[in-house]
Structures are given as structure tokens and as C-alpha cells.
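Data block below; observations after.
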């Protein structure tokens, strides 16, 4: 067939006798001209002009979109492209009905399509390079195209072509589109004046794009990139090369920052407050405030959602059309040829063409998915913005909370933490889901209407099944929430117990009690597993309902249809309705979740409102937080772009200018030598009763004022009242002018930040090395700092190292001294310090450092010996001022008080002498050293060597690292699956495969049934019966598979936890010294939680979606084998998408998790240290920090959700391609209509499940990390509990005598470490009292551990009462000896449980032990006596009492050998004397080995062993050893005495 532009079957085609424009063909040719013109002009510019890019403005992204009408132009161009596609299709379809080819029908349309594409590419390049003059080419093109199309339209009108003809409609629409595009172009010229005007408009790029740190480009890129997340490519591909870190994701754009959103929400909330001012019983509505601040994006998202849902129905309709058309074409093959002069198609004819429908289906899918992802993205972004705003609101409120609120328990820290961690997230999640609330009902109604159209009444039966089963879903969802709550309670309890075990593991091992405690954890775990079982059951029911409802609905519908309708079921009806049922189920399944979230959100808003309306601190004091002043500076700029933020200044200052109106000037006090004056003050803690009454005091400038008085007389309250933390009932606090804004304050209870030591001391002031050194010396912090691993750069606080009370207090005092302020308030700084430190602090810090600077100091103290140093004294009693004046004044005026003080001073001096011996600080430092450097530091050196080696290896093979980052942890997955047991694993795989085969069989049967032409009654019944049986089997299998997965997950969780616990409890003590407690606890908390609750559903979802996709591909390939050819490129694309996504997703997930913790910590920290922050006046600095942390967390979350959108858009487009190829191949190759329908139905399901495959894979990869961590502990070696002797061979009363022979003993901690004891020989007679001493690290404690075989005895032996201890089973050995450790450890439970966890002893025995330890009277006075409760760690007893309990515990165990390992190191003198006495009397007949912390304790021992560097150097009685002048013992005694 020859090609000709006008066709060669019509002689009149080239006839122009009636006028040139009357010739159809000529008009079509004329339409080619503008397109060719555009291509000729733009191609050279596009290819040549872009070689020299000198014209680019210096900004780092080429995403600066600044021509007016930008978005409108993109939308119009996309519409134009769509219309061009219709035009091409119409031309081709018309052409197929001609005798010869008529190129003029579709060639101009194809050229138009190319030209429109080029126009938008050209425009984009011109816009990003800011070269507006080149837009003239486009302007000319639009004019020419408009004119030629109008000529064509006029020609159709003259010919009287009816409006119903498709070509007429298309031409009309084109004219409108070209006209609009021309208008857009004219508008650009009008606004930018780049041509025809004298002075073109100058434009500057937005701030965000000038800032190189902003990497989140979604708001700035063009529509196509917005819709497909094209700008994310760079990040996702670079993640493959190196991990994504905070630097890679940059900063948030201004419009999304917490501050910007906070300003919007705050204004809206203030307006709501104004509205309800007149109605005292109504509270302002947060809902309305949220709506007015964030309503627009939510409406936009909902619009997208509606569009997507409506487009979603294109699927079923197109399937119906294609199958119908396919049936028709197979039935009548003879097609009619048309006369060329009348080559017009009506729209109905056009839409009957199956290929047209296939392309339409493809386009509808692409659009639907794009809108859906856009809707998701907009809600996510709005949700994140809302959360940022709410966090800022909560934080500002915390900073203004009245102190009484916190101290009186109206607002606990827990509640505040919940608001931050839970309530804001609930609201964010509600926002994510809220478009569903109004989109779902519409979707359901539309679906039911379409079903009714297809199937009539029987469709309503199916819909009724779905609707009736939906409430069950809701019921299951509520039950799930309950089960989760009870699981949480049990796991908290289990963690508490595990934590106790790990803290006291050394004691448990030494007393051989690990199994008792292990059992109690296992019991709690069993309870937790029971509630996990209910949780799993409900989860699997929920999954089952989701899978079974559509099967049940379809069954009900088709069976009803078969028996009520005379006409047999057609494939078109069957598959369209199946597809509709799939669409219907999703909203119903989600509805229960959305309703649940809505309920939670309502509760959260109530809590938030209560919090935001709670009492604030008095605004009438010197504070400048007068909240009634609005943000004037922001009023001008409503909407998202708050320009009130000036980049030149750091945000902190702007915050202050927002938050704080002009600070009120306090009235200048007449006399300037008074810093603060209180007149006639009555202050209360919010109860209305005055805590302090009739206060009239003055605090002299530049002098030291001391406030003294008994405990609870209101000294601290007075300081807080002056600082404005209390409610002023009447009276005034006057500050002299220059003082108020410079107060440094150290509270009684030390408060530290989670930061380095240096940051805690500097506290936001500039760093001055000299001053810093002077302060740390004054507070004697240098020795403590030297002990820390990174000096003063060590992190302390929750996430760092825990310091003792004294150390914390000294850091707080150092903070107050370091600040360069006129006034310093110290609230009882000596309470946690021993006498040496107090004196040093007084001399160096207070008298020297502060007085030299002439700073005003107010000091609250109990140490009256410092009174002579005071310049001014305020004595208080019962909330009133008793006396005020200098010490001399008081001596003269109130002799009685002075005498009272004198006697107290004497008493304190006596205590002082006693105290001089027990040096608490050295103890604290020792504890710190022990915590910091577990055992010998040799191991650390070894670790460092290993690390260096590892690093060297890493540099060599970057590629292997990359391979590891992209590889799925299959090995770990296999370990996890097998830990559930092979039987369950087999059952799961088998039932899964069977279920999917049955589901495929159901659809296959339907295809066969509907494709049969002549149906009689019997055949019908047979088909219905098989269909019902298959459906029933499918429903049952759904239940079985969902149960097996959950059951397997539970078994795996149970086994993994059980193995982990037993492994850890039997681990060598060295493991606990080397591994931080937090790390081990993490395995039991976070990781176990993931294994318990997160892996099973992920695994279920992954297997389900993978099998669905595979069965779909199998089904389509079965129907049309050609599909497999098209599948290869799609498969390759899919592989790369998932590979890149998984790596990036994992990194972003970690970033999101790691940025959340500091944010929560910052909130709880602020709430704890409110008074300090407010006293220093550092609110704005803390606000700034909070905004930074919030933004960091939000940007990580935004990127994570953008990455998810990136993936989903790509997999959805792939799915659409699969649908298109499936449709085209099945139309050309298909066997019969039933299978075409089946193929298309399955192709549509693929689009829904492809992205789930990848996302579940990514989730599973992250979650398998938990299994891997648990497994790394399971490979650790346990202690060897077996002995050569059977427990029955050991005498019941061994060791009876207590005779100990140490023969040539060599000990090391591990077989790869150096020995710590070398060739020690000693003999201890029964009943002897032995002392062991030596310098730190000489091996004293190692010797005590050797008795219990806690360390590796690799040579020599210890023989006790004739039995070599290395032959005994460990449990037997340890249960027969007693030890008292240096740190007293008590467990939560009763006193009885603490003394005798094995419950072997009688009460009399326990009382006897308590009496010996001199605790009997104290225990008797407690409620419950022996059954009185001990809190966690024994916190409700003093350290001395705890040590005495440990003594009683050692006595209860009737062992003839007692070992005391520095048992008196951490207790006071009085308790120590009791201990010594008991050892001499109650243990008179037992062998006692004392490891001495001070040599003076063992001077009266029968025999003393002196160790040095692991060797026994001296062994004799103390008196003999002292005769050796140069002996080590003599030296030790001299230095320590």
C-alpha cells in the first residue's frame, strides 16, 4: 500500500477548486507549520546554547522557578499532551477504516505532540538559566498554533460537522488550550518586562535556594519533578556510595521550620483564645486553630485524594470495556470500511476500540497513582509541620509553667514527656490519615453504585457482606490496642527485673542465685507471651478478615446472580465487579484504623488543651514573657512564607525579639549598695497559703549574705521567691537596676544537661580558658575530670556517664561561679560534699574567686562554721525572718541565738574530726574509676589495636562495604525462621503456597465459567458448586496461614529470648565488665520488642505481597506468553529500584530514630531544670536548641517519607506499564475473553502490591538487625558449670573447718590476657582472721574472685577442707561460701527475699541475723516486718543500712568461710564499727578473709598477706611485718594512717 499524505483512494483529495482553505488535507498540512517552526528554532538553542552556561545566576540548585504562571503552564501543557494523544489515537483509528493510508489524519497530531514536549523542555531550561528573551520563540509558536487550529475549527463549522464528532471536540479543546498558553506567555511579558519595555524586572532567588545547606527541594522543583520525586535521585543514588548522614540531608526550608509553623499556629490559637474570653466556661479550640493554620494543605490533599479515588474506578470500567470489545471482535470479524470523505468518528465508536481503552487505562493508572502519592506527600508534610508547631508550643509553655505546678504534682514530668512523645505523634498520624475520613465514604458509595449497574440487586448482597463484616474489623482493632497495652505493662516489669539482675550480676554469681532470679524473669516473660498470644491472634484475625472478606463478598454476589438472573454471567461483568470488590475492601479495612486514630486524636487534643491552659508563672515580676503581646513582626506575612525571619541574625536573637516585648524597667532603688530588697513580702506555692510571711530583707551589693536556719524553714523558698518562682501574695521584690538580668543560681538538687562537662560548666557563656581553669580548681573538679575517658569532653547525663551526687553538685556550683554575673545564688552547695571539699570550695571558690570579683553572693547553708566569713546573715525560722544583720549585731542583740549557734558549731567540729578519716571524695572517684575502666585497661589497649587493623582493612575494599550495604541479610533471616522450629516453618511455607494456589484457582474457575456460551441449569449448578467449594477452602486457608505466621513468630520470639537470657546469665563476669549495661539491656528491650511485635506482621505482609505478585505474573504469562518478553526490562528496572531504595531507606530510618532521642531528652531536661534555666535567663537559648532539634528530626522524617513516595511512584509506574503490556499482549494474542479479563485483573493487583514488596523488604532488613544483635550475644562462651565431682559426692556440711591452702596459684581474666596473680602460695588455718592488702591493681580483688572461680585459674590450685575447688561444680562451690562486696546490693522485693531468696531458713534464723547486724529494731518498726518492701536498688535505706543487710545475708548462709571485699569502703564510721565488732564476735569461729581498703583495719588480723603486682611479697602477722622498716606493709601503713 503506497503512502500518501492525503491518501491515494480519493481523486478529489488534492482538489482546491472550492478554495484552498476548503481542502481538508491542506488545512491539516497548514497545522504542521507551527510545530515544524518550533522544532527548527528550539533545537539549535537547546543543543548549542547549553554549552556555555555563563548566564546562570550563582545559586547552587538549578531549580529556581520564577516565571509567573509557572504551574498553570505545566498543567496546560500536560493537558495539551493528553489531548494530542487522543488526537493521534482518533486519527489512527479513523485511518484503519480507510482503504489506503491517510497520513494527514495523524501526522500533524504526532508533530504537535513532539512540539508540545519540546516546548516544555525548552521552557524549563530557559527558566532555570534565567534567559527570558528566548521565550519569544514560544510566544510566536502559541500564536501560530492558535491561528492554524482556529482556521481548522472554522472550516469544520462551515462543513457542518456535528458536535458529537470526536475530531470537532478535540479541535475545539485545542483552540482553548493554545489560547490559554498564549495568555500565560503574554502575562510573563507583562510582569517580567523582558521585551517591549525599557526596564526589565530584576528578580532574586528565594533565600532557601541561596542557602547551600537546604537540600530538601520538593517545594522548589517543577511539577514533573514534584510528581515523580525526580530530585530525590541524587540522594538515593549517593546513598549507595556512602551512608546518608545529617549533612547529606541538610536543613529544612524556611516554610517548614518549626518556628515558622509555630508562629502560624500560635496566632491562630491566640485568636481562638480571644473568641472565648467572654465565655469563661468555654476553652479555646485547638481543632479550629489547627484548621486555620493548616487547613489549606489538608484541603489540597483531600482534592488530590478525591481525584485519585475517582480515577481508581477507571480500572474496572476499562476492564469491562476491553473484555466486552474483545468478545464482540471475536464474535463478528467482518469490519466495515468507511468512505474517506466521511472519516469522522463519534466518541462512542472511539471508546469501543480495545487498544484505545488499553492506553486510557494506562494513562488513568499513571494519573491516579500520581495524585494518590501527591495526596500522601501533602498530608505527611502538613503532619510534620503541625508536629513541629505543637512541639514549639508545648516547649514555650513548659518554660512558662509555674513551679508549683511541677512541684505540687499537677503536671508530672511523665505527663509532659507523654505530651511530647505520644500526643503530638497521635495528632500527626491523625493528620496523615484524615483525608481518608471524607474520601472513604465517597469511594464506598461510588463503588456500590457501579456494582449495582453491573450486576443489579445481587451486587448489593456482596456489598452488604462487606459492610456487615466491617464492625468486626473495628472490634478486632480495639482488642489489638488492649492486648498491646497489657503486653507493654508486662514487658516493663520484665525489663525492671532484667535490669536488677544485670546490676547485681556479680553478687548473684558469687551466691549462686542466678537461676532463682532467672526463673522470676521467665515467669514474667510467660505472662508477656500470653498477652502476646492474644495480640498475635487478633493480628492474624485482622489479616484474615482483610483477605477473606473480598472472597466471601464475591462468593455471595456471584451465587446470588447465578440463581436470580436468567442471563448467564458475562466475563466483562465478572472481572469488573471482582476489581470493584478489591477497591471496596481497602477503605473498609482502613476505616477501622482511621476511626481509632480519630478517637485517640480527640483525647490528645483534650490533654494538650489542659496543658496549654494550666497556670503560668507570674508575668508581673521582672520576667519579660508577657504573652499578651502578639508577634507584630509576623502579622504582615500570613501564609506559609514567613519573611519575618532575618537570615543575617542568628535565629536566637529573632526569637527573643518575637517572644519578649521590651523588658519592663524595674524602678531604680534609691540606695545602690543594696542589690535586692524585699519589702513586706508574703509568698506562696500556689496553694494560697503563705509559705513565707512578712519578709523584709535586704541583700547588700558585692558582699556575702548567708541564709541559715533549720531544715524546712524556708531558706530555699526565699531564694526562689526572690527569683520570682513563687506566687507573690503581697509585697514587692526590688532589684537594683543593673542586676536583674545577671543572676547565676545553683539549685539544691544538682541539675545537669546531657552534654559534655565543659558545656555544663560554661552553660552558653563564651569560653575563657583562664577563668575555666580557676573555676574547676576552686571546685576541685580537675581530679574527677582526669578520670573521665575524654576529660571534660566526656558526655554526662542520661546518655553519658553517671556521676555521683557530690560530683554533680560541684559541676553545678562551677557553672554558677563561671557565669560572669553580678549576683550568685548558691542553695546549700555543701550538702553533698565532704569536709575537705567544702573547705576548699569555701576558701578558693567563694572567698577568693567571688570576692575578688566583688560579686554579690547569697549562700544558703547548714555549715555554721562558715558564719564568721559572712558579711550579712539572715536567720530564718518557720517561714519568717528571725534575725538579720552582721554576726556582731546578732552577738550583741540576740545572745541566745548566738549561743545556740556556738554549741552547734562545736558539734560540727567534732563530726569534722571523725569525718577527716572517711574521705568521701576519694571514694566517689574510686567508684567513678571502677565504672569507667572495668578491670584492667589492658583489654582496652588490645581492642584499640584490633580496631586499627579493621580500619586498615576497610580502606582496601570499599567495594565489599558497598556490597554489604546492598545485600539482604539472608543468613540472619534463615536463623530467625529456623528458631521458630522447622515444623512451623514448613507449615507456614506450605499453607502460604496452598492458599495462593487456591485463590488463583478461584479466579481461573470464574474465567472458565463465564466464558462458556450456552449455559444450562445443570452446568450452572456444577460451576456454582465448584466455585463455592474453592472459595470456602480459600477462606479457611487465609485463616490458617495468618495464624501459622504469627505462631511461628511467637515461637521464634520465645526461643530467642529464652536462649538470650540463659546465655547472658551464665556468661563470665568479664563479659559484664567489658560490655556496657545499656547495651545488654537494649537486647532485652528494643530488640526483643522488634522480634516480638514487628517482625511477624512484616514477614506476613512481605510473603503475601510477593506471592500475590508472582501468582499474578504467572497468571498473565499463562494467558499470554508474549507478556514474558516485556517482563524482562520491567524486571531489571524493578531490581535496581528496590536495590537503591533499600539502602537509602535504611539510612534515613536510622537517622530518624537517632534524631528523635535528643529531642525527647531536651524536653525532659528542660522540665527538670526549669528554675535554673529561668534564673539564668537562658530561655531563648533553650528554645533555639529545641527548634534545632525539632527541625533535625523533622527533616530526617520528611526525607524518609519522600523516599517512600519516590519508591511508590516508581513501582506504581512500573505496575502501569505491566497493565499496558498485559492488555496489549492479551488483546493481540488472547485465547478468549475470560482470560483477558483475568490477566487484566491480576495486572491491576500488581500495581497495588509491588511497592509493598520493596517496603516490606526494607523494613525486614532493618528489623533483622535486631535478630543479628541478639545472635551476636548467643555466640558468647558461658562459664563452665560442670565439675569433675558429682554434687552428691561433696559432703553436705563442706567446708566444715574452713582450712584454705593456696598452692602456686596463677590467675588471669581470660586466656588471652596477662596473669593478674603469679605463683601465690599461702596456708590459712581454720578460724583465722586474714587480711589482704596492697596498692590498687596489685591483685587483691582477683584473689577473692579466685575462691569462687570467677576468674581463670590456669596453674596451681586452691584446696578448701581437702577438696580442690576446680573439681567442684560451680553452683556447689559458690553456694557454700559467703562474701560481702564493696557495693551493697539489694533487690526489689521483701526483706525476707533479700536475706534468703532460696527460702531455706526459718524466721528465727533471719531475726537472729538481723539482730547481729543491729537492724532488728529498724526492721521491726517497718510495716510488715520481714515482709516490708525494699525498693529498686534498696533506695529506701541508707548506704550504711544496706551494707548491714549484706552482712546479715552473709550470716544467714552458715558458711565457715567469709570473704570481705573492701566491704567498709563505702560506709560511714559508725556502721564500720558495727561491722568490725560483728566479725570479731558472731564470726569468731569462722575463717574470715578481709581485703582491706584501709590498712588500719587489718592490724589486728592473725595473718596479713601483702600483694604487689600479682606476687605475694610478705606474709606474717601485722606486728611482725611492722618490724621490717623497709617492708611494703610498713610503707602502706605509714602513708595511709
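Every residue gets a Cβ built from N, Cα and C, even glycine.
Because the structure is a prediction, the values reported are computed rather than measured.
Annotated in TrEMBL:
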type: TRANSMEM; residues: 32-51; note: transmembrane segment
type: TRANSMEM; residues: 72-93; note: transmembrane segment
type: TRANSMEM; residues: 105-123; note: transmembrane segment
type: TRANSMEM; residues: 165-184; note: transmembrane segment
type: TRANSMEM; residues: 306-326; note: transmembrane segment
type: DOMAIN; residues: 307-600; note: domain 'ABC transmembrane type-1'
type: TRANSMEM; residues: 350-367; note: transmembrane segment
type: TRANSMEM; residues: 427-451; note: transmembrane segment
type: TRANSMEM; residues: 535-563; note: transmembrane segment
type: TRANSMEM; residues: 575-599; note: transmembrane segment
type: DOMAIN; residues: 676-903; note: domain 'ABC transporter'
type: REGION; residues: 934-958; note: region 'Disordered'
type: COMPBIAS; residues: 942-957; note: compositional bias 'Acidic residues'
type: TRANSMEM; residues: 973-990; note: transmembrane segment
type: DOMAIN; residues: 986-1261; note: domain 'ABC transmembrane type-1'
type: TRANSMEM; residues: 1024-1045; note: transmembrane segment
type: TRANSMEM; residues: 1115-1137; note: transmembrane segment
type: DOMAIN; residues: 1300-1534; note: domain 'ABC transporter'
Sequence-remote partners of the transmembrane segment (575-599) [C-beta within less than 8 Å, at least six residues beyond its ends]: 312-313, 315-317, 319-320, 323, 426, 429-430, 433-434, 436-437, 439-440, 443-444, 447-448, 450-451, 454-455, 459, 462-463, 466-467, 470, 473-474, 476-478, 481, 545-546, 549-550, 553-554, 557, 1003, 1006-1007, 1237-1238, 1240-1241, 1244-1245, 1248
The transmembrane segment (1024-1045) touching the transmembrane segment (306-326) per 3+ Cβ pairs under 8 Å rule: no
Intrachain residues whose Cβ lies under 8 Å of the transmembrane segment (1024-1045), provided they are six or more past its termini: 537, 539-541, 543-544, 547-548, 551-552, 554-555, 558-559, 562-563, 984, 987-988, 991-992, 994-995, 998-999, 1001-1002, 1005-1006, 1009, 1096, 1099-1100, 1103
For the transmembrane segment (1115-1137), sequence-distant contacts whose Cβ falls under 8 Å of one of its Cβ atoms, 6 or more beyond its ends: 1000, 1003-1004, 1207, 1210-1211, 1214, 1217-1218, 1221-1222, 1225-1226, 1228-1231, 1235-1236, 1238-1239, 1242-1243, 1250, 1254
Local confidence of the domain 'ABC transporter' (1300-1534) - pLDDT mean: 81
Same-chain residue ranges lying at least 6 outside the transmembrane segment (72-93) that approach it to Cβ under 8 Å: 105-106, 109-110, 112-113, 116-117, 119-120, 123, 166-167, 170, 173-174, 177-178, 180-181, 184, 222-224, 345, 349-350, 353, 355-356, 359, 363
